[in-house]
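Input: a single structure, listed below in structure tokens.
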Amino acid sequence: MQSKDHIFAAPIAQLGDFCFDQKVAEVFPDMIKRSVPGYSNIISAIGMMTARFAQPHSQLYDLGCSLGAATQEMRRNLTQDGCAIIAIDNSSAMLERAANHLAAFKSDVPVTLTEADICDIEIENASVVVLNFTLQFIAPDKREALLKKIYQGLNPGGVLILSEKFISADDTVNQLLIDLHHDFKRANGYSELEVSQKRTALENVLRPDTPEQHKERLARVGFNHVDMWFQCFNFGSMVAIKQVAIK
Ligand SMILES: C[S@@+](CC[C@H](N)C(=O)[O-])C[C@H]1O[C@@H](n2cnc3c(N)ncnc32)[C@H](O)[C@@H]1O
Ligand SMILES: O=C(O)C(=O)C[C@]1(C(=O)O)C=C[C@@H](O)C=C1
């Protein structure tokens, strides 16, 4: 049975910053499904892109893997020989649960779960890299170096799938997308108090960029094929492909 997210349901006197602790890990599948429009479509598409982009004898990375939802979908869609998945998160509570979650499925694809800061790890021989709602939690001044490292670690023909919460450069549209997202959360059973307390708790830790900032940064680190493949309100997912070497 999946636990329901009531974390922000009662008034919290001293609202601290949102973090991925035991309490959040326990309710995470319910929280993310009810909070992120399009989440399950994005997970399915990560599987579909894995089927297309995974290269034999390469590594696939799930950076900020939480409970391993994207890892499992990648694993399920892998048909290429000799691949391994490296799933990384810096929350021990998430990783403990990810191990249990992934153990429930049968698969021959090796998965390594590692507790680390994704800014400190090495990326090499990669064909698919997933940042599914993780970059937004990385300090803004560290984002470009992380993306550069991903670009350099990808093999030619490799792909980065980058899903994020966005802000819009147009103030009116920005407010509309935020309002629509809050409508989405209310429609999924969150109260006014839950929406507003979570918003405050996320303020200092989830710092969204505009789609334009993402595209420019991805181009700066070297990606030559970049675009948004999905967007619903202020949430979306981009694809960035490292050009295939000309033979
Ligand atoms: C919104 S969740 C990601 C959801 C997940 N990718 C999925 O598809 O279900 C963000 C995750 O990033 C992790 N995280 C945040 N900063 C990190 C960092 N510097 N290094 C590793 N993991 C990080 C958090 O612990 C959290 O589990
Ligand atoms: O609930 C929100 O407002 C969110 O921004 C959703 C969001 C995210 O985008 O990562 C924030 C934290 C939780 O990890 C799950 C989802």
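Backbone N, Cα and C define each Cβ position, glycine as well.
Sequence annotations record features per position, and here TrEMBL assigns S-adenosyl-L-methionine binding site to Tyr39, Gly64, Cys65, Ser66, Asp89, Asn90, Asp117, Ile118, Asn132, Arg199. Taken residue by residue with DSSP, Tyr39 (S-adenosyl-L-methionine binding site) is part of a helix. Cβ neighbours of Tyr39 (S-adenosyl-L-methionine binding site) (same chain, under 8 Å, six or more residues apart in sequence): Ile32, Lys33.
Taken from TrEMBL, the feature domain 'Methyltransferase' covers 62-158.
Each of the binding-site residues Asp89, Asp117 was scored by the number of other CB atoms within 10 Å of its CB, and the largest score is that of Asp89. In the three-state DSSP classification, Asp117 (S-adenosyl-L-methionine binding site) falls within coil. Summary for the binding-site residues Cys65, Asn132: the Cβ-based neighbour count within 10 Å is maximal at Cys65.
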